[in-house]
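Have a look at the structure below, then the notes.
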Amino acid sequence: MMKKYIAVAAASLIGLAGVATAAEAVSQNSRPAKQGHMHKHGQKMHQKGELPRDLQELNLSNKQKAQIQKIMEANRPQQADKRPTVDAAKRAEFQQKMQQRRAAEQALITGKNFDQAAARRLVNERQAEFEQHAAERKQRMVDMEVKRLKERHDIFQVLTAKQQKQLLENQQKRQQERADRKAQRSQQSQPNMQGEPRPDMPPMPQN
């Protein structure tokens, strides 16, 4: 009876660790890559076939528009790229590995003497898997960012020298406008140190 109770308690403890491990591994493998966001970083979201606002302002020729559309279409993430799938073999391998890990954890918990070396190996193996998943995800993000920069470079080369200058000036102007708005919001949110009412506050009623 006591052995059965210990086994149930151990299974409960293992369940907590196992669920966390499984959730992490599965989420890293099946989480959709945020390619859409990275692909349009620094640009307004636009419909398929529509040029971004900063390019619409450059009086592009039809030939330039067609070239840019071709570049953008080539860099548009495909549906298959957005959500990586885990095949049946990998899923079965993952499930088997989780079962082995739970069995090893249960043996550590229920054993008469705690095997610290075995526990350390088990934890190190799990940590190595976490680090591998994190490294793979980081590499995907780096690849997407490089792809985005390459796309912007290719589009910039389609423009004439005059259009390139106008594009850079427009971008600099918008950056300054955003900085000014941010500074204004920050100033409005600060308390008035002199105790004077802010311009946007109604006057206090007089007694």
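Glycine too: its Cβ is placed from the backbone N, Cα and C atoms.
What TrEMBL lists as signal peptide is 1-22.
Taken from TrEMBL, the feature region 'Disordered' covers 28-54 (among others).
If you look up TrEMBL, you'll see 34-46 marked as compositional bias 'Basic residues'.
The region 'Disordered' annotation in TrEMBL covers 167-207 (among others).
The compositional bias 'Basic and acidic residues' feature in TrEMBL is assigned to 171-183. Residues 54 of the same chain, all 6+ positions outside the compositional bias 'Basic and acidic residues' (171-183), place their C-beta atoms under 8 angstroms from a C-beta of that stretch.
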Helix, strand and coil totals (DSSP H, G, I; E, B; other) for the compositional bias 'Basic and acidic residues' (171-183): 13 helix, 0 strand, 0 coil
